[in-house]
């Protein structure tokens with residue numbers, strides 16, 4: 001990773017303070033809230049550099065790292081797998097890639113409901129188990145079989161369900177992890193938890209580059225990449241089980257079980273009753289869903305599109321996997337500080353403002369890239385830098401905003417379910433972007449695709465401004 005240049009030591013001090021603030025936000029200094037995963041009795045503390053980290057915040061943060069890594073690493077694994085199965089069709093590879101996103105949509109919708117009915121703790125345990133199972137089974141596929149892509153697609157769907165459930169559960173758990181009425185602190189905790197996704201997005205190309213640089217055997221390298229995706233979940237699984245529910249379990253008798261079932265049905269029906277009768281809640285849900293949907297079209301579409309930019313800029317052949325992984329690593333490294341900057345600056349400006357600003361800057365960058373793409377090919381460093389900045393301002397913008405705003409604008413009784421709905425809308429946009437960007441580029445060219453990304457970004461800014469309420473932080 002190339003570090004950003006700084007004009008003075010003051011820049012170093014600023015970034016150090018950002019990293020310190022992220023660590024401070026993960027300090028356990030409180031009792032937890034009323035119910036569910038983020039509502040527990042005091043836990044066994046974990047010491048990390050003399051900082052006592054809350055269990056539910058730690059689990060949520062590492063689960064986000066796992067989610068980002070597992071969704072990103074499949075692209076590099078498929079590149080390596082293609083060397084072992086050179087006659088495989090593009091349709092098969094596309095099916096495997098899309099199964100993770102389809103599974104994520106199912107997980108976001110399912111575990112939003114599970115988290116509301118069974119509690120955040122149980123929901124998070126199930127998501128971790130599914131993500132671990134999906135990652136391990138992906139790595140242990142049979143050797144030398146022509147059906148490897150079909151089996152891998154099933155495994156990645158299972159993993160997708162697990163990592164998809166992380167979105168609503170981790171956001172709700174983070175915002176409910178303190179009894180404090182300090183809204184600013186809650187928002188910073190949610191942003192700090194989400195910042196671990198940036199680390200996961202960085203680890204995926206890093207691990208791919210290491211495997212390729214080591215000249216790992218064709219049948220081993222991609223398996224190692226996929227297996228590593230199980231480690232974050234394994235790391236925090238025990239601590240997830242150790243978190244205790246605030247209320248003791250009810251006696252297991254038939255009448256009580258029937259009462260629980262009635263409660264589940266009632267909980268689900270009340271949600272839709274509230275949506276039907278509350279126009280303000282409808283506007284919030286539309287704003288959260290539409291902005292996440294629009295952002296993920298550009299974000300995931302451009303993640304898939306990155307190798308084409310690198311090929312045009314540096315003349316990299318698609319079979320030079322190590323070069324592609326290295327350049328993708330540089331892009332991810334430039335994007336990562338955007339997460340830290342968001343944690344530091346939220347409170348001075350709201351998540352809504354951060355999201356609008358990020359969308360607008362992304363639109364300007366995409367518009368400039370699309371308008372002058374052919375000319376910029378002669379200035380490779382400038383072209384790559386501008387393209388990487390679109391990812392920086394996605395992290396210091398809608399990538400964090402779309403995750404944090406639903407946890408902030410929805411009340412506790414509907415938070416986890418509606419967060420899941422919004423996240424699922426985002427992954428639907430991701431699937432559309434991933435499936436369509438290659439087709440659009442082939443038919444109309446790179447400049448048209450970048451201009452389209454600018455238009456989608458401007459729509460995201462408009463939706464955020466029109467439908468997302470402004471938050472005023474009060475201690």
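Backbone N, Cα and C atoms are what each Cβ position is placed from, and that goes for glycine too.
Per TrEMBL, the feature domain 'Major facilitator superfamily (MFS) profile' maps to 56-472.
Positions annotated as transmembrane segment by TrEMBL: 57-81 (among others).
Annotation comment: TrEMBL describes 101-118 (among others) as transmembrane segment.
Sequence annotations record features per position, and here TrEMBL assigns transmembrane segment to 125-143 (among others).
Outside the transmembrane segment (149-169), and at least 6 residues removed from its termini, the chain residues within Cβ reach (under 8 Å) are 37, 60, 63-64, 66-67, 70-71, 74, 81, 85, 88, 92-93, 95-96, 99-108, 110-112, 114-115, 120, 123-124, 126-135, 137-138, 141-142, 229, 233, 403, 406, 416-417, 419-420, 423-424, 427. If you look up TrEMBL, you'll see 149-169 (among others) marked as transmembrane segment.
Residues or ranges marked as transmembrane segment by TrEMBL: 189-214 (among others).
Annotation source TrEMBL lists transmembrane segment at 220-237 (among others). Under 8 Å from some Cβ of the transmembrane segment (220-237) lie the Cβ atoms of residues 58-59, 62-63, 65-66, 69-70, 73-74, 76-78, 80-81, 84, 125, 128-129, 131-132, 135-136, 138-141, 159, 162, 200, 203-204, 207-208, 211-212, all in the same chain and six or more residues away from its ends.
If you look at the transmembrane segment (285-309), the same-chain residues 6 or more away from its ends with a CB under 8 A from one of its CBs are 72, 75, 101, 275, 316, 318, 324, 327-328, 331, 355, 359, 362, 366, 383-384, 387, 390-391, 394, 398-399, 401-402, 405-406, 409-410, 418-419, 421-423, 425-434, 436-438, 441, 446, 449, 453, 456-457, 459-460, 463-464, 466-468. What TrEMBL lists as transmembrane segment is 285-309 (among others).
The transmembrane segment feature in TrEMBL is assigned to 321-347 (among others).
A Cβ distance under 8 Å defines the sequence-distant neighbours of the transmembrane segment (354-373), meaning residues of its chain 6+ beyond its ends; these are 291, 295, 298, 342, 345-346, 383, 386-387, 389-390, 393-394, 396-402, 405, 446-451, 453-455, 457-458, 460-461, 464-465, 468. Per TrEMBL, transmembrane segment is recorded for 354-373 (among others).
For 379-397 (among others), the entry in TrEMBL reads transmembrane segment. Residues of the same chain lying 6 or more positions beyond the ends of the transmembrane segment (379-397) and with a Cβ under 8 Å from any Cβ of it are 198, 295, 298-299, 302, 306, 309-310, 313-314, 327, 330-332, 334-339, 341-342, 354-355, 357-359, 361-362, 365-366, 368-369, 373, 453.
The transmembrane segment annotation in TrEMBL covers 418-440 (among others). Listed by sequence, the residues of this chain that lie at least six past the ends of the transmembrane segment (418-440) yet keep a Cβ under 8 A from its Cβ atoms are 94, 97-98, 101-102, 104-105, 108-113, 115, 164-165, 167-168, 171-172, 271, 285, 288-290, 292-305, 402-403, 406-407, 410, 448-449, 452.
Same-chain residues lying 6 or more positions outside the transmembrane segment (446-468) and placing a CB less than 8 Å from one of its CB atoms are 283-284, 286-288, 290-291, 294-295, 297-298, 301-302, 305, 308-309, 312, 352, 355-356, 359-360, 362-364, 366-367, 369-371, 373-374, 390, 398, 401, 405, 409, 437, 440. According to TrEMBL, the transmembrane segment annotation covers 446-468 (among others).
Sequence-remote contacts of a segment are chain residues at least 6 beyond its ends whose Cβ falls under 8 Å from one of its Cβ atoms, and for the transmembrane segment (101-118) they are 36-37, 71, 124, 126-127, 130, 134, 156-169, 172, 263-264, 267-268, 271, 300, 414, 416-421, 423-424, 427-428, 430-431, 434.
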